[in-house]
């Protein structure tokens, strides 16, 4: 089928035309999958490195996008269809004066692993519009998901950092405990005060006894190597959402590591994923929580913009302390225990008990989670965007001329929003984000500007990774074509203030800023992308709230820091001391797309200009 739009003329195979009605994937070999999965997608594609259009539309020549046999050669584990995107991307196509054919014979595959993307939100609901039904024993098509393509750069692309890249002492104690991750290839000052996973797991932060890793994408071997040698045999639990063959591969990948055990998150609603990214670290000295945006794969800690909240070191409570002891003013302890309880997993019971035994009273952030389910009554406000609405209602105050305070959302994946903005985005979701204080009727949320930050094609093309960075930005042509109205909200990625304009964002943040972008009413860092699967959606005349996925983030409110508003820090790097202003990870004000800018769409070709590595992007 051939279609033409502002994205250029393109031809797709029948299996790509409608991602929710794709045929089941063929079975894969039992060989362990070495490469990575996407954090947020849900259709079978095979993107390969290809070149970008600058900002001009694609030429009107037909470029057929077909599916090729799925490869199983990655260490990073994900669901069946997410692996489908790997094989072609491992072999970059160099820029030529004429458009290369996807059928061109490709170079011998590299053996590199550890490049993966992140998203589960590409199209989370059936096209019929009916609510998803529980699985029945009757035969039905397999859920088709998209796995992050493999890195085309090869094993030599990832360089081992010198010792001076890593901190030898604890980072400067930040008031907000919000950190960006280190990025290879940027000026040193922009990594001063940022954290790498090796530092988070190092003895600098405590003498580790046991840990849990909640995540979406895993490269087990790489993950184990991030622990220091003295901690590599300490008990480690992995909480994941894999099923069937993908689960078997994950378990097989961990066979050489006898200290690893697993906890499978229940995913009872179609198109849901386990997208939460959290570490629980139990030390001889106490306990720590890390809530982050990075997958446990090498590429997510290499040249992407990622963020995390690092808790204080929580001391153990005295023996015989009452059940209410160790709670924070933000009820973080209660909410974390409630979130873990929602897994209904016996494997997490001992961790819930450990949390009860520790003093979390120093926590100054609010926990905002999503867990799969259909909720009624008061339970509707426990999860997703209704949880955020409740906290903003109860813990913020109305601001003079608040309708002039814009909402900013920044994310790395986009789900189906509906035929127009009134279906979800500018209705229930914007109402949540516009909430300030407990006024029965908040100032008309429709009057509040919403700026959505999502990379352009040129952002991706000129990035440190080049086009492969787009594998972590899985906005599909199928979804984009159904919601062209959304693109009028888009603003490009720019992070000169943090030295990360060329490190494509996998971080997800939401905030409410003053009209001059110098202050904030609140700030949220989370795993949740812009999708109903992640944030939840009202059903049945607003009497029921349905959430598909597990997500987790932390909300910063000024009242928890004895402030009325947050001051936005203009130049957060290098981090030299404790600052009372907040380090927003990208440039403000965000810049609206120029007339020729187009949002990055990961499953169409870009062959008009080479990326930073001389490659083009040709999905096959």
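Residue numbers in this text run from 1 along the chain shown.
Positions of Cβ are set from backbone N, Cα and C atoms, glycine also.
TrEMBL annotations: computationally assigned, not manually curated.
Per TrEMBL, the features are:
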- 1-157: region 'Disordered' (REGION)
- 32-43: compositional bias 'Basic and acidic residues' (COMPBIAS)
- 69-78: compositional bias 'Polar residues' (COMPBIAS)
- 80-97: compositional bias 'Basic and acidic residues' (COMPBIAS)
- 275: active site, nucleophile (ACT_SITE)
- 277, 508: substrate binding site (BINDING)
- 506: active site, proton donor/acceptor (ACT_SITE)
- 531: site 'Interaction with DNA' (SITE)
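Remark: of the recorded positions 275, 277, 506, 508, the most isolated position is 508 (fewest other Cβ atoms within 10 Å of its Cβ).
Residue environment of residue 531 (site 'Interaction with DNA') contains 31 other Cβ atoms, counted within 10 Å of its Cβ in all protein chains.
The CA atom of residue 277 (substrate binding site) is located 17 Å away from the CA atom of residue 531 (site 'Interaction with DNA').
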